[in-house]
There are 2 protein chains.
Amino acid sequence: MASPPSWVKALKPAGPQGSELIQQERNRSNLNVDQLSHFLFTRDALERKHRILAVLQQEKVFDKSQNYFAGRIDRFETALARAKKLRQLVTKHGWTQDDKMIANELISEPGPYGLHESMFLITLRDQGTPEQHERFLRNAEQYRYIGCYAQTELGHGSNVRGLETTATWNPDDKTFTIHSPTLTSSKWWIGSLGRTANHAVVMAQLIIAGKAYGPHPFVVQIRDLNTHQPLENIHVGDIGPKFGYNTMDNGYLLFNKVKVPHINMLARFSSIDPKTNKYQRPASPSLVYGTLTWVRSTIVMQAGGVLARGVTIATRYCAVRRQFQDRDAPEWEKGENQVLNYTTVQVRLLPLLATTFALHFTGKAMMALYNANQAKMSQDAGKVGGPQRGAGPEETNAGSDLLADLHATSCGLKSLASFTAVEGLEVCRRACGGHGYSSFSGIGPWYADYLPTATWEGDNYMLTQQVARYLLKTARSVLKGIDPSTNDTTYILSTFLKRQDTGAAFDVLNKDEDIVAAFAWRSAFLTFEALKHRDEQKKPWNSLLVDFYRLSRAHSQYMVVKNFYE
Amino acid sequence: MASPPSWVKALKPAGPQGSELIQQERNRSNLNVDQLSHFLFTRDALERKHRILAVLQQEKVFDKSQNYFAGRIDRFETALARAKKLRQLVTKHGWTQDDKMIANELISEPGPYGLHESMFLITLRDQGTPEQHERFLRNAEQYRYIGCYAQTELGHGSNVRGLETTATWNPDDKTFTIHSPTLTSSKWWIGSLGRTANHAVVMAQLIIAGKAYGPHPFVVQIRDLNTHQPLENIHVGDIGPKFGYNTMDNGYLLFNKVKVPHINMLARFSSIDPKTNKYQRPASPSLVYGTLTWVRSTIVMQAGGVLARGVTIATRYCAVRRQFQDRDAPEWEKGENQVLNYTTVQVRLLPLLATTFALHFTGKAMMALYNANQAKMSQDAGKVGGPQRGAGPEETNAGSDLLADLHATSCGLKSLASFTAVEGLEVCRRACGGHGYSSFSGIGPWYADYLPTATWEGDNYMLTQQVARYLLKTARSVLKGIDPSTNDTTYILSTFLKRQDTGAAFDVLNKDEDIVAAFAWRSAFLTFEALKHRDEQKKPWNSLLVDFYRLSRAHSQYMVVKNFYE
Ligand SMILES: Cc1cc2nc3c(=O)[nH]c(=O)nc-3n(C[C@H](O)[C@H](O)[C@H](O)COP(=O)(O)OP(=O)(O)OC[C@H]3O[C@@H](n4cnc5c(N)ncnc54)[C@H](O)[C@@H]3O)c2cc1C
Ligand SMILES: Cc1cc2nc3c(=O)[nH]c(=O)nc-3n(C[C@H](O)[C@H](O)[C@H](O)COP(=O)(O)OP(=O)(O)OC[C@H]3O[C@@H](n4cnc5c(N)ncnc54)[C@H](O)[C@@H]3O)c2cc1C
C-alpha cells in the first residue's frame, strides 16, 4: 500500500480525542488499579509477565502487526517460526513451565507445538513406565520427537469407546499392528499433526487373541526424523481451513497395518505381559480422571482472562466512541454522548465485566481444588492418571468421593465458563458497532480461535450429563445417610433435605451469603427433582437430558456465586 | 496435495452409511415435500431457480470447491470474475432483477458489485432528477460507472447527522467543494469502494453561505474511467481484513477540496437554485422512509432462508451422525444412536426449524406490506424516497400513519429476524460438534458473512428505539381517541385499553388465535407501561432503553406469531 499523501497525514480526529475521554473516565474512578491487579494476579506474577514481555518484544518474529493480513500458509509459517524461537528462548533464559505459559498467553495464538507441549508430553509422563520415559519422554522433552495426541476419528469424538482404529497384539514377534479398517477410523482434528509432528500418541482398540479390550494409548512414529516424510503405510495431512485456529495444523492420519514394538504401548496402568500374552488390568478405575480433569480445570482457569480481553476492548472503545446527543441533555451540555452512557450498552457490558471477576475467582478455586486433590493423591501414588476421556453417561466409576466431586466440578464449570466466555466475546464485539466487525477490533479473531473450547475436552452440552450423574449419585448417598460433611455437595443436599418441608427464605437483597444459599437451594431442589424423575418415575435417561442441562447450569452457577462471594 | 494411496482410496465408512440413515429418516415422514416447497416458494420460482442454477453450473468460474482454500486476495479476484461473468449472463439471457437476485443467492457470497447494484443504482433512481438519470443512471446501468454508497465515516455510523464530510456551495463557479476536514471524517466501511468503484454517492453536510443544511447525497467520481487510478486529491483504499465479508472490498475515502459541478447533488427532493443560490426544502419530511424501509424489508424477507441453510445442514448431519448407544435401549437394538435422537440436540434444532417457517411467512408479510404501501404511494407521487437514514430517537416525523407503521414494523422485524438468524446459525454450527468448526460444514463462513446484518441498516439494539417511539406515539393517539381501525397497532392498543380493567384470559393451549391475542396483549401492556414511565413519570429517554428493547422484541414477536398463524 502506498503511503498516504501529506494532506491525509496532516489530519487529526475531531475532538475530544479518545485519549482525553478515557483519561476522564479513569479520573472518575477511585479504584486503586495497582492494588487491584496485585490482588488479582500477585505482584510477582505481574513482574514476571513484564519481564517475559520485554524479552519477546526484542524478537522481530513476535511482531503482531501483520497477523490479520497474512493468508493461512503465511500465518502457519510464522506460527512455526514463533514456536521455534520460543523454544530457544525457554532454553536460553531457563524459563519454567509457568514462564512458558505466560509467554504463550502473550503471543496469543495457537502454536504448532501446542499439542506436543500439552497432551503429548503429559500423556507420556503420566502413562509411561520409567523405561518408556527413557525411550520416548527424553526425546520429546528435547524436541527430537515432536508429538501430538491422536484420539478423535472422523467417525468418533465424544464416544471414545467407539473408536475404530485397531492395535492388534502379535504374540509371534511381540509387536502391535496399528490399522485403520474404515474411512471413519481416520484420525481427524489432531492438533500439530498436519505438518509438524513426527510422533503421535494414538488411541486404538487393543485386540489380543481376537478379543477387544477398549482404547489404549500407543506411541507411533509417523514421519522420518531426517526427511520429515511420512513413513511407509502412513497417510497423513492437514484437514484444511477452519473457522479459526488457522495457526494450528489440525491433521488426519491413517495406518495400513503398521507394526510397532511392545514398548510402544504406554504401560503404566495397563499392559500386556509379552511372555504370557495376557492383558494386565489398570489398578483402579478412577484412573480415567487425571489428565482430563487437569485440562478442564485449566480451561476454567483461563475463561475469565479470555473474556476479560473482549470486555476490556469493548468497554474502552465504548468510553471513547461518541454517537448522538442525549435527547434529555441540558442545553449547556454540548457534543455527543459516549456510547458507554447508553443503558442498552451498559446492560450488555457491565454484567460481563462483573463476570470476568467471578470467573477469575472460580478458576482460582478450581485450580486450588485440583492441586489439593493432587497432593492428596500423591500420598497414595499409582492411583491417578489416564487420559481415556469422555466416558459415556453414568458409566464412569468414582474412585473416591473427592475425585468424583473434582471431576464433576471440572465438567460443570468447564461447560459454564467456556460458554460464558464464548458468548460474552460476541456481545463485546457487537457492542463496538461496525468497527467490531473489523479484524482490527481484535475481538473477532480472538473469539474464532477460542470457539472450539466449547466443543473439545467434552462437548459443553454433553458434559452436563456428567454433572447430573454425579449429583444423582450423591443425592442417593445422602438419602442413604452419608455424612453431610463429606464434601460441599453432600452438605448442600443434606441441608436441603432437612429444611425442605419448612421451606427457606433468603434475604438476597441484604445478605450476600443468602444469595449463595439461594443458589445452593436451587441446585439441591433440581437435583432431587431429577432424582424423582429417574429413580421413582423411571424415566429414560434421554428424556431427562434437558433437565440435566439445567441442573448442571444451576449447580455450576452456584459454584461461581460461591467463589465470587468467598 | 498428493492423491491418497490406493489403500486409502479403497476404504469405506463404517456402516450404516449416511445416505441410508437419511433415507430412513425421510421414509418416516409423511410430508409431501413437493407440495410444501410449492406452497413456500411457488412452482414458478422453483423452476426459475433450477433454470438459473443450470446456467451457472456451466461456468467454471462459479465452481465453489476452492472457496475455503483461497486467501483473501484470491477470493476477491475470483469474486470479481464471478461478478463480471454474472453481469454478462444477465445480458445474454435477459435476466430480470428477480432472476439476478436468485443467481446471487446461488453464488452465495457478497460480490464486489454488490453495492453498485443495490444502494448506488437505487439512490440514483430514487433521488435523481430526470436530467441526473440521463447523466449518471444510464452510465451506471451500463456498468460504465461502477458505484458505491458512501455514508458511514470513521467517526459516525448510526448518527448520520454527525457526519463531518462537507459539501460547500461555491456561488461563483456554481460548484460544490467536497472535503474531509478531519481524520474521523474519512468515509469508512464503504462496500465496493476499496478496489472496484469509480464513482460514489457521498453523503456530506451541505453548506451554503456558511450555513449547514444537514447531510445530502452527491455523486463524485473517484477513479479514472480508463486507468482506474484515484483522481487527484482523492485518497481511497481497502479497510483491510474483516471477520467475514472478505469477497467484498469495503473501503475508505478522503477528499482534499474536490470540486464537483452543480448537477452532482442529487436533486429530486432538495436542491440549490444556481441562480439565487437558495436552498429548496424537501417536499415532505416522510421522505426519510423510502429506500431504507425497502432495504430492511429485504433483510426480514431473507432471514428465514439464511437460517434455513444452517438448520438444514445441522439437521441432516445430526440424522447421519451417530454417537453412543442409548443407555436405556433394548438389548436387540444394536449400534449407536443418531445424535438427532438426543433431547439436548432436539431442543436446540427443532425450535429453529419451526423458526425458519415463522420467519419465512413474516418476511412475505413484510414485503406485502411494503408493496401495498408503494402502490398507495405511487398514486400520490413525489412523496416517497430519500435515503437519509438512521435519524435519532423520536425525531423522525411520520408522514402518514401507514408509512410510520411500515417504518416501525421494518425496524422491529429487521432487528428480531436478523438476530434470530445470526444466533440460530451458531446454535446449528455447535450442534455439529467438532466438524461444525471445519469450514467445510459450510455454517461458519455463512455465519461470518451474515453477521454484519445485525449492525448495518440500523444497529439491532438501536432500532428498537424506533419501534418504541412509534408505539408510544400511537398509544398517545389511541388515548386521544383515534379510530381503532386505523391500522393493526391502533387496533391492539385500543383493545387492550378497553379490556385492561376486566383483564383477559387466553386459552393458549387449545386455541391458536388466543396465542396471537396473548402476544398482542403483552405488546400493548408493555407499551402503556413505557408510556407511563415516559409521559407521567417523566423518566429520561436513556433510562428507558432497556424497557424499549424488551417492548420492541415483544411487539415484533407478536408480529411473527401473527404471521405464522395467518
Ligand atoms: C479445533 C479442534 C481441535 C481439536 N484437537 C484435537 C486433538 O488434538 N486431538 C484429538 O484427539 N481431538 C481433537 N479434537 C476433537 C474434539 O475433541 C472433538 O471434536 C470433540 O470431542 C467433540 O466430538 P465430536 O466432534 O465427535 O462431536 P459429536 O459427539 O459428534 O457431537 C455432535 C452433536 O451430538 C451431541 N451428542 C453426542 N453424543 C451425545 C449424547 N450422548 N447425548 C446428548 N448429545 C450428544 C453433541 O452435543 C453435539 O451437538 C479437536 C477438535 C477441534 C474442533
Ligand atoms: C461489513 C459492513 C459493511 C458496511 N457497508 C457500508 C456501506 O456500504 N456504506 C455505508 O455507508 N456504511 C456501511 N457500513 C457501516 C454501517 O452502516 C455502520 O457500521 C452501522 O450503521 C453502525 O454504525 P456504527 O459503526 O457507527 O456504530 P455505533 O453507532 O458507533 O455503535 C456503537 C455502539 O453504540 C450503541 N449506540 C450508538 N448510539 C446509541 C444510542 N443513541 N442509543 C443506544 N445505543 C447506542 C450501539 O448499539 C453499539 O453498540 C458497513 C458496515 C459493515 C460492518
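Counting starts with 1 at the first residue shown.
Every residue gets a Cβ built from N, Cα and C, even glycine.
The active site, proton acceptor annotation in TrEMBL covers B:E457. When Cβ atoms from all protein chains are considered, those within 10 Å of B:E457 (active site, proton acceptor) total 21, not counting its own.
Among the features that TrEMBL reports, FAD binding site is placed at B:T152, B:G191. In the three-state DSSP classification, B:G191 (FAD binding site) falls within coil.
TrEMBL lists B:32-146 with the feature domain 'Acyl-coenzyme A oxidase N-terminal'.
TrEMBL lists B:148-258 with the feature domain 'Acyl-CoA oxidase/dehydrogenase middle'. For the domain 'Acyl-CoA oxidase/dehydrogenase middle' (B:148-258), the DSSP counts in helix, strand and coil order read 3 helix, 52 strand, 56 coil.
Residues or ranges marked as domain 'Acyl-CoA oxidase C-alpha1' in TrEMBL: B:289-472.
As annotated by TrEMBL, domain 'Acyl-CoA oxidase C-terminal' applies to B:513-566.
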Quiz item: Per DSSP, to which secondary structure element type does B:E457 (active site, proton acceptor) belong, with helix, strand and coil as the options?
Solution: coil
Quiz item: Which recorded positions from the list B:T152, B:G191, B:E457 come close to ligand 2, meaning a Cβ under 6 Å from one of its atoms?
Solution: B:T152, B:G191
Quiz item: List, in sequence order, the same-chain residues at least six positions removed whose CB sits under 8 Å from that of B:T152 (FAD binding site)?
Solution: B:K187, B:W188, B:W189, B:I190
Practice problem: Would you mind giving the whole-number mean pLDDT across the domain 'Acyl-CoA oxidase C-alpha1' (B:289-472)? | Solution: 87
Self-check item: CB within-chain contacts under 8 A for B:G191 (FAD binding site), separation at least 6
Solution: B:P110, B:G114, B:L115, B:C148, B:Y149, B:M248, B:D249, B:N250, B:G251
